[in-house]
Amino acid sequence: MLFPLNSKHTKRKKNGPLALSPMLFMVGMFVLLSFICGGFSKVPLLIVFITTSVFSLFTLRHTPFEERLTIYSRGAGQDNLLLMIWIFVLAGAFAATARQMGAVDATVNLCLQLLPPSMLLPGLFLASCFISMSIGTSVGTIVALVPIAVGMAGPSGLTEPMMVASCVGGAFFGDNLSFISDTTVVATRTQGVKMSDKFRTNFVVALPAALLTFALYMYLGWGTTSHIAVGAVDYWKILPYVVVIITAILGLNVLIVLTGGILLTGIIGIWAGSYDVAGWLSSICEGIGGMSELILISMMAGGLLAVIRAGGGITWLIHNLTRQVKTVHGGELGIATLVSLTNLCTANNTVAILSVGPLAKAISQRFGVDPRRAASILDTFSCVVQGIIPYGAQLLMAGGLASLAPTSIMPFLFYPYILAFVMLMSIAVRRNK
């Protein structure tokens, strides 16, 4: 039997601390499994969310069990969440088909061809920025560029940690701004703002940080001489990225943008001989399959938060976290603190934004924080934290590909640190206005 959320059955006794206990349970499970599995990166997030979801159902003590399932299921299948999932599906398909057709290699060659040897280090950062902004995934960018960075390190005389760090920093830049990044999708959907509006708000902060980082890498790489052979640029293979970026900036619906990008990769890839029709379709399936875990986690996170909300947990948390908050400035710092602490625990910026998104929206509504600003803060600080934890997927992936310890890369990973400084300064400046 299904129980409407506005029926008499929903008049339940609420207990804020008990309703929030699933969040503590989730953190405990994550830490416990990290010890059992031998590291944060080896913890299966699906298992964490499944067990936490089961636990959460028992926190609604005065609610019929069937209604608890209904609350959870409605949260997992809400309209905004499903729309976000369709974007994940198409983004995965586009990233895979573009990579398979050689768009990544063509873009790298173009960026490196346009810059002299002394600009290899900042050029690699620039290439990473562009690619991650185009494909919407920092991990995918790192996988594509780190092997190239390691190969260039020896002949150029630059250290491997420095070259790898430039790739990782650029990957975070694009992931933070890309229209098809899962963090952008989650941040905008949870705050109810357009991607183009969030982009403009975020760009004001991210661009100065990127320029400062670029200048720093340019200084460190100045005087480098190299005879690295750069492959020929196939400009047609760059076209899908260019089209996706331009149409997204123009405000075209992201589902239409991605669908067009997928079709364009198919046309160009088949014409260029990168794959046949069967290979193109196989790449689409591969890309969609690669998003399956994120899709399931997103649905379970939606159901989990619905249960917490039904038990009064969100109301209780907002009240206690914001008792001392009196201003817009305090609200912005509160949102930044929430997403940062959550990201430290989960080591996943998408999950962190998804988990605290509803809380951030409530804070922004209560204290007058611009929703576009709230979405920008969520995405920015999750990006910052993801770049300063050695157990995050990005640094672990980069370290593994380069056979380096993540901690050896971090001293040269300037972008997240500068981005945090610029964003905190923007909050401080707005306070004085």
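Keep in mind that glycine also has a Cβ here, set from the backbone N, Cα and C atoms.
It should be emphasised that the depicted structure is a prediction, and the values quoted were computed from it without experimental measurement.
According to TrEMBL:
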type	residues	note
DOMAIN	47-222	domain 'Na+/H+ antiporter NhaC-like C-terminal'
DOMAIN	239-423	domain 'Na+/H+ antiporter NhaC-like C-terminal'
TRANSMEM	18-36	transmembrane segment
TRANSMEM	42-60	transmembrane segment
TRANSMEM	81-100	transmembrane segment
TRANSMEM	120-153	transmembrane segment
TRANSMEM	199-220	transmembrane segment
TRANSMEM	240-273	transmembrane segment
TRANSMEM	294-318	transmembrane segment
TRANSMEM	377-397	transmembrane segment
TRANSMEM	409-429	transmembrane segment
Under an 8 Å Cβ to Cβ limit, what residues of the same chain, 6 or more beyond the ends of the transmembrane segment (409-429), are close to it?
125, 159, 161-162, 164-166, 168-170, 172-173, 176, 204-206, 208-210, 212-213, 216-217, 329, 332-333, 336, 377, 380-381, 383-384, 386-388, 390, 395, 398-399, 402
Name the range, of those listed as 42-60, 81-100, 120-153, 377-397, that has the largest tally of Cβ pairs under 8 Å with the transmembrane segment (240-273).
81-100
Quickly jot the same-chain residues contacting the transmembrane segment (120-153) by Cβ under 8 Å, restricted to those at least six beyond its ends, or write none.
91, 94-95, 98-99, 104-105, 107-108, 111-112, 114, 159-160, 162-164, 166-175, 177-182, 184, 210, 213-215, 217-218, 220-221, 224, 226, 228, 241, 244-245, 393-394, 397-398, 401-402, 415
Chain residues outside the transmembrane segment (377-397) and at least six past its termini with a C-beta under 8 angstroms from it:
34, 39-41, 138-139, 142-143, 146, 168-169, 171-172, 175-176, 183-184, 187, 190-191, 198, 202, 205-206, 332, 335-336, 339-340, 343-344, 347-350, 352-353, 356-357, 360, 406-407, 409-410, 413, 415-417, 419-420, 423
Should anything in the same chain at least six residues away from the transmembrane segment (81-100) have a Cβ under 8 Å from its Cβ atoms, list it; otherwise answer none.
75, 134-137, 140, 144, 180-182, 185-186, 189, 240-241, 244, 254-255, 258-259, 261-262, 265-266, 269, 274-275, 279-280, 283-284, 286-291, 294-295, 298-299, 302
